[in-house]
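The structure appears below as structure tokens.
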Amino acid sequence: MTSPRVVAVIPAAGVGSRMQADRPKQYLSLNGKTILEHTIDALLNHPLIDDVIVAISQGDEYFDQLGLRQKPIRVVDGGKERADSVLNGILSLDENDWALVHDAARPCVDDADISNLLSLIGSEDVTGGILATPVRDTMKRVKPSSNIISHTEDRNGLWHALTPQLFPAMLLKRALQEGLAQGVSITDEASAMEFAGHSVAMVSGSPANIKITHPADLPLAEFYLKQKFSAQGDSAKN
């Protein structure tokens, strides 16, 4: 029996206004390459990923300056929202493909974490899963339209959702289409799958897999990338 293909989908059509930069955050430089280049390379270099699709905004003026079309990737038009971009990315996938959706602004993703997530393929208990980290801080709920604390949330069982997020492509396509048609707030792929009634697994991931959102995230991501490349270099020597 042939193993299902794993296709990575990177929604990269966002503007990233919170970064307050002169360009979308995925095109900011980090350790000599753009954030998007680091992210694409991390997925291209993983031995269990068969294909990489990148969804970019129409009229993107930065993508073609990087020579990324020379890499073995496919490029599709992004949409207005993240869910639209992901949907455009998976429309061409085959019935048995699995979609591995990963944020463009998470360049520090760990190879071992990806492998652990991909081990869910073939599981009879869940439909797919996501990388996540358990909440460590005390969580407060505030009253609506105020900064007054309503109560303290029990953090037991609370996790920070990360990416990649892995699901059978056709099930994810239907879940996204149904969610969008019904006006559901789709903040990530797992939320669409949850709405569709599927069981989604949590796979513990590295806290280094940060999403670059604010300027202060850049030096932290740079530190994590240097650690990652140093570890890869040491591994290659041994």
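Keep in mind that glycine also has a Cβ here, set from the backbone N, Cα and C atoms.
As given in Swiss-Prot:
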SITE      Arg18  site 'Transition state stabilizer'
SITE      Lys25  site 'Transition state stabilizer'
SITE      Arg155  site 'Positions MEP for the nucleophilic attack'
SITE      Lys211  site 'Positions MEP for the nucleophilic attack'
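In sequence order, Thr213, His214 make up the list of same-chain residues 6 or more apart from Arg18 (site 'Transition state stabilizer') whose Cβ falls under 8 Å from its Cβ. A simple Cβ count within 10 Å picks out one of the recorded sites Lys25, Arg155, Lys211 as the most packed, and that one is Lys25. Note: the CA-CA distance between Arg155 (site 'Positions MEP for the nucleophilic attack') and Lys25 (site 'Transition state stabilizer') rounds to 31 Å. Here the Cα atom of Lys25 (site 'Transition state stabilizer') is found 11 Å from that of Lys211 (site 'Positions MEP for the nucleophilic attack').
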